[in-house]
Amino acid sequence: MQHTYLRYECADAFSLTTSAATTSTSTTSPLAFLSSTAKSQSTLLTTSGSQILGFNLRTNEPFLKIAHRELLSGGLGTGKALNSNEVLCIATTKMNSEHKVASGWKDGSIRIFDLTKEDIKGAKDNNIELAHSLIFPQSQDHDEYVSREPLLLKGHAGSPITCMTFNDEGTTTTLASGSSDGTIILWDILNETGLFRLIGHSAPISDISFVPKTEELGSFNGLISSSYDGLVKVWDLDAQCCVQTIANHGGQVLCSTVLALPSSEDSENSTDSKRCRLVTGCVDGKVRMYSIHKSNRMKMEGDMDITETDNGEADDMCSFMGLLQTPQNVATSNEKIAALQFHPSGNYFGYIRNNAKSIDVYAVRSEADTVQKKKRRLRRKREKENKSSKEPEVKKGKKRGILDDEEDEEIESEENINQETIKDLEQIQATDEYEYIATVRASHKIKAFKFTPYLEKKGGIRIVCALGTNALEVHSIAKEGEEKDAQFKSSVVSSIDMYGHPTGIRSIATSSDDVLACTVSKNIAKVWNVKSRSCLRSLPLTSVSSKKQGSYGLCSVFLPGDTHVVIGTREGYLLIVDIASGDVVFTEKAHDKEIWSIDVKKPSSFNEDESIAIVTGSADKMVKFWEVESQGDDSDDEEESSHPGQPMLVHTRTLESNDDVVAVRYSYSHEKRMVFVSTLDCQIKVFFDDSLKFFLSLYGHTLPALALDASDDDAILASGGADKSIKIWGLDFGDTHRTLYGHTDSITDLKFVKKTHNFFTSSKDGSIRYWDGDRFEQILLLNGHMSEINCLAISKTGAYLLSGSMDRQVRVWERTRDMVFLEEEKERELEEMFDKVDNNGDEDGTAKIMRRRRQEEAQEEDEDDENEPQSEAAVKRSVLSVAAGDRIMEALERADQEMKDATSFRKSQEGKGANAKKRMPNPLLLGMEPPQYVLWVLRSVKSAELEQSLLVLPLNHMERLIYYLILLLRNGQGVELCSRTAVFLVKTHQSQLVGHERMSIPLRELRRLLKIRLAEARDTIGYNLAAIRIIAKVAEENKNRYHVPDDAPKDVFKGLGLGSQLSEELQRNK
């Protein structure tokens, strides 16, 4: 009989505030705000590994988690496992009363989540969204929220999504996404389909922005994209082509943004006088400004007069305005621009440089102030020219005097820079429109920033910074006084660093009751509630005597009682931390070098006199044994007596080794206590605990064994080394039972499940593997971490497993009730491997298209490629779309067979009269008629995969599908879906349909039915909208008037044409 196991799945992840500093794919939008201008309703969203975290900036606490939970391939698992992929960028918008949050993932998929006001309010009230469990009981509302399936869009052929943006103009909402394969896809999220794909860039897309609607641009529907190939392109979305390419950056364009600036503070909501601007940040560290306006071609199409100053280059839509200059008294560098953006009001602008701790913020002058600044600049330029023509030429190296005007040198430097690039000096330049106001300085390097959507009471602004230390900082910029010329000053409002570790997690330890967990990284330790995923205490690792000197934590363990944690550091210190107070109550210089491993021997329940012992292994070739005692008041040591009654460590024994000690562990059996020591010379030695007498020496690893653990019964010992192998040893004679291989990098930790011979291993390859130590087989492969995994911790009952990684997050793997069969797991891994090969080998994939195009351009450099298409269909062939096409073909064949069987049965029953039998429904068609069954199968196909699945159909199946669409349209069933399917089939197979005379009559009938049914649907929708508007108007009027009780109830629905039955039903319900 095949042996079965219980499945472990990822239930949740925590300890990662923002993944902007840990992700390997560069993106410009890891932060976003939910659309709201109210300060009390501001919710900041950050990318956090495989999920999106929502922070309340008033309480500085996370209260919301947005994540995707999925089934494993093959339909295995519980369906509630956390997605193992990584979220790279997010974008938000608001449609009606719902917030839409679009998330771009590393595998090239886009998921759009819907958030209602009830979801956000419920999360703020009880914080239930901070924890999701596969085994703990949950409320009904929470279960419903988590199980809601997001809209999935696929089209980037496995390339990571680097940027996204919503187009909020008009009645429909369009989403644009750019990926690392250099293509842009426009999505219609209402119809859940891709519109088209734009091809033109040869490197990853760095940023995309829709061109705002202004009076000057008219009805131009445009998109501006920047890429690492050094190009900025302006796209006409109606024509699906590029209308301008800006190629004067001289390097990679790392970021860009577009916004319509208000002409004055009072006209923020007016589109009549807005100025449209494009700003780009390049690898050369320069910020370039462009003005977006109508081109000559657009003016001619609109019958507008072209002035004499318009030349050939005026046909471009973007005109260069110059470089954004930093004042000379402000420190700056030539580092590349990492990110830039406008304030939502359009009155402020900011940018950051790579590896910088500051943000330079500029104020946008109004249109009147900009014109005055330009006139002043030109007047000073003319005065200087007149002065230079009369006076002799001064030396270039002359220094400015005390009484000289500082602005003269600024204007001169601006003119020298912009003279070669700006041909028309009479136009408005960047320095005329933007004024430097302040520099925001953070405590650490800034990876991303975001302006808050609201303004302060006195006109100030706030900026949220994502730091490289896995923390968030909120800064405020406001005037120091109420005067008009008052200076701006920046200050830190709050810091959110409680929720995450500043560096990678090096150690995890769990308490004896499995309630608490302690994680250690560099100079800080954090204590968590495992069930709620909340941080209870943040413990800085400092010594008792010196509070400022920090220590780098490497290993940790809970003392019995779960009130104190012992931490070993890189400096060789042992620290005892009190969880209740958060203080270091004891410090001991235990070793001369790093303490790599620590373990605790808990006293036996049969021997109450046995003391608590601790063993430590260090790089100084020493294994030391310690006993836990209480600090006394009469101690001579000031450090020991500083916390009377607190535990302390007393050194009892020392075991010397021939090489550095890498790992050390106690055995679990109380009858025969043993100590396992792994050294740098690839040996594992076993000693008796009571006498430290040598027992066994285990050879076999070609590189040091970095992790080891024994089973509960001390029957076997498992070790994992830097040689990527796992060895299982017998502790009776020290023989090797088996050597297991599976990891592709060094194994970092190994933990046995209690009361079993099954164990988990973690590796630097970012995976966790579950093994059977008796049958020597791999049970599960757990993926999810984005970086190397350093440590593991398993509960005493084996209910959950914690894993800590260098990506600064802790993942919770919970044991479910789902059974694991090894044969099914092997088949699932093969399916995943084949799916990856299928996606990578997709001839229609974007990466292949761009690769073929570059090869063709390299072979034929002289060939003119202006006539090549710049857009194509936004579709991607996948296993799911092919399977959906097969289902449609199978449904058509079943429907045809049912029609034949029904015809033959009807003929067989003719002439029998009353003795005629009634035909039973076909169970293969679910008891439906053939046209209804075909419609049911079409509805089962996802909207985003419908068009691609229809391309799989052969020509004869396509003809049969048109026949069933005609039958459905005659009955008025599925009008919208049938219309969409019919139009796509006719467009795709136009050349084949034109050549078939027999299809002329069905096509005429299809056109007639489509015209009738679509007109009926339009009238129905219009009637319903009008009725809804009237009902809303009546409800608003009733809300604003006094209620006068009336004994005779009135039928309010009768005037709306809804009849009196609805009123009677409502009265009965009352």
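Easy rule for this one: first residue shown is 1, then count along the chain.
Glycine is no exception: its Cβ is also placed from the backbone N, Cα and C atoms.
Any TrEMBL annotation is an automated prediction that lacks curation.
Between the listed ranges 742-767, 898-923, TrEMBL ties the annotation region 'Disordered' to 898-923. The residues of the repeat 'WD' (198-245), classed with DSSP into helix (H, G, I), strand (E, B) and coil, number 0 helix, 24 strand, 24 coil.
Across the compositional bias 'Basic and acidic residues' (898-910), the DSSP tally of helix, strand and coil residues reads 11 helix, 0 strand, 2 coil.
Each residue in the repeat 'WD' (698-739) gets a DSSP state, and the totals come to 0 helix, 23 strand, 19 coil. On the 0 to 100 pLDDT scale, the model's mean across the domain 'Small-subunit processome Utp12' (932-1031) is 91.
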